[in-house]
Structures are given as structure tokens and as C-alpha cells.
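Engineer: Below: one structure in C-alpha cells.
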Amino acid sequence: MEKPAASTEPQGSRPALGRESVQVPDDQDFRSFRSECEAEVGWNLTYSKAGVSVWVQAVEMDRTLHKIKCRMECCDVPAETLYDVLHDIEYRKKWDSNVIETFDIARLTVNADVGYYSWRCPKPLKNRDVITLRSWLPMGADYIIMNYSVKHPKYPPRKDLVRAVSIQTGYLIQSTGPKSCVITYLAQVDPKGSLPKWVVNKSSQFLAPKAMKKMYKACIKYPEWKQKHQPHFKPWLHPEQSPLPSLALSELSVQHADSLENIDESAVTESREERAGGAGGEGSDDDTSLT
């Protein structure tokens, strides 16, 4: 089996905001991401309840750029199960009720690929989509998955969706025992457009905690689901299983936010059904789709 490894290019960490060319993250990039996930200085705690905590970057509260960090303690979920759930694109379609469409496009290396993801936003905002370069790396008993936006010539922005930009988004999964772990989600995203304050507040106070809890429920049900759906197919662990075509990095370019259309939704008010249900998108907490 080919061993997934980070790029060994002899260069320093590339700041997410200053990235000018498409490159597969190296070991230093993974270490930098881990350090930011574990950092406390400069973050404001906005939510802490039932093992889930949410922070926002203090200096970004009133700007277009949104930076959020969520952490959840997962009892009865091994780190490797959570890692599988985040990778398994077919299972994500079952548990992620906000997803509109998601698919892998091409393989770059044994631990990097390019993919598409579109999702429902709280009504009446326009829905978003993104093309990202995703990379992953096991680090002992821990795991990191992270991504940033790229441009692919065959997948330009669509008229019915707003193309968002992931400056850097990812997960740090830390094992705390044979059947427990802690996951930290860190996102630095430009959703493209001037969003109303209620969206920013709702994301940190409700949508992010709800998404983490839904992920936890999905992890509990994953082993049973996977036994019925290609139990041995895990290309993120066994790259030789990947059916994806190979793609050269030269085919991609960095997706800069300033090159995309800016949508002003700052005056949009929350819909009546969103206020009543408190939902992000149209999904519910019904877990019947996970069977």
C-alpha cells in the first residue's frame, strides 16, 4: 500500500491568505494548521454547552471574512471512525442535510484530491458552492483534513449558486482513548457577499453547534451503515482503491475572492420559517436517512 505523506518540498509554511499558486500542503502546513486549531489567543468564545464549544475571531466579527472554530468531545466514537465519516462522500449525502451536491473530481497525490460541494444556506440567502483542493494526513493517533479553494477549468461558477471561497478550512481529530476523541473544525471562508449580522450570529450560536451534533450522530451510526455499503472500500486509507482520474497541479489555479461576483445580501431578513424552526437550510434532525 502506498503510504500517504505530505509534500516534501523544501519550503516554509505558506500563509493561507498569501497563497499565489496551487500546491499540495507540506508537513509544515499541517503543523501550522494544528497549532491554529489549538490556539486560544485572539478567539472569542460564543457558545459552550454539552461538550460543544464555538469561537469566532474577534477582529473578524464585522468583516466579510468569517473565521470560526468549533470543538466537540466525542464519547463512544474512535478517532478513526470520525476520520472515515468525514472522508466518506457517499455517507455524507445521507447525514449532511445541507448538502445539495458533492462529488470528487480528480486525484492529485495519494493524500490530496479536488472536489465539489454545494450547500443550502439559511433562507432567503442564495445557496453556495465551492471547488477545493483537499489534503489529509494521519499524525500518530490523530488526523488532519484541510482544504482551500481552487479554480478548475471544467467547473466554473454557476448562475444558480454563489461561488464561495475557502481560504482555509479543515478538521483536527485528536484521539483521547480507544473509543473517544475530540474534533476541532476551523474555517476561514469568504462566503462572497455582504451578509446580514443575523447570519453571522446564527452561525456561531446555532448552526455550527447543530452541525457538530449531527456529525456525532452520524459517527455513531456509521459502522453499521458501512457494513452494508462497500465495507472494505476506503480509498482515503488505501489510495490504490481510488477510481479517480489523475490531475496535474498545473491544471488548477488559486481561487481568489476578489475575482468573483460580490453579492450584497446585507439587507436580507431572516425568513419566518427559519426563525420558527431555527434550521440551517432545509434539513431536520431526523436520522432515518442514515439506515
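Numbering starts at 1 and runs along the chain as it is shown here.
Note: Cβ is positioned from N, Cα and C throughout, glycine not excepted.
Look at Swiss-Prot and you will find 14-224 tagged as domain 'START'. The annotation N-acetylmethionine is assigned in Swiss-Prot to M1 on the grounds of similarity to another entry. According to Swiss-Prot, the feature N6-succinyllysine maps to K94, K197, K202, an assignment based on a large-scale study or a structure entry. What Swiss-Prot records for S253, S259, S284, S289 is phosphoserine. If you look up Swiss-Prot, you'll see 1-23, 260-291 marked as region 'Disordered'.
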Engineer: Which of these modified residues has the least crowded Cβ, counting other Cβ atoms within 10 Å: K94, S253?
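Structural biologist: Candidates: the modified residues K94, S253. Fewest Cβ atoms within 10 Å: S253.
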Engineer: Can you give me the Cα-Cα distance between K94 (N6-succinyllysine) and S253 (phosphoserine) in Å, rounded to a whole number?
Structural biologist: 31
Engineer: Over the domain 'START' (14-224), work out the mean pLDDT and round it to an integer.
Structural biologist: 88
Engineer: Kindly assign S253 (phosphoserine) to one of the three DSSP-derived states: helix, strand or coil.
Structural biologist: strand
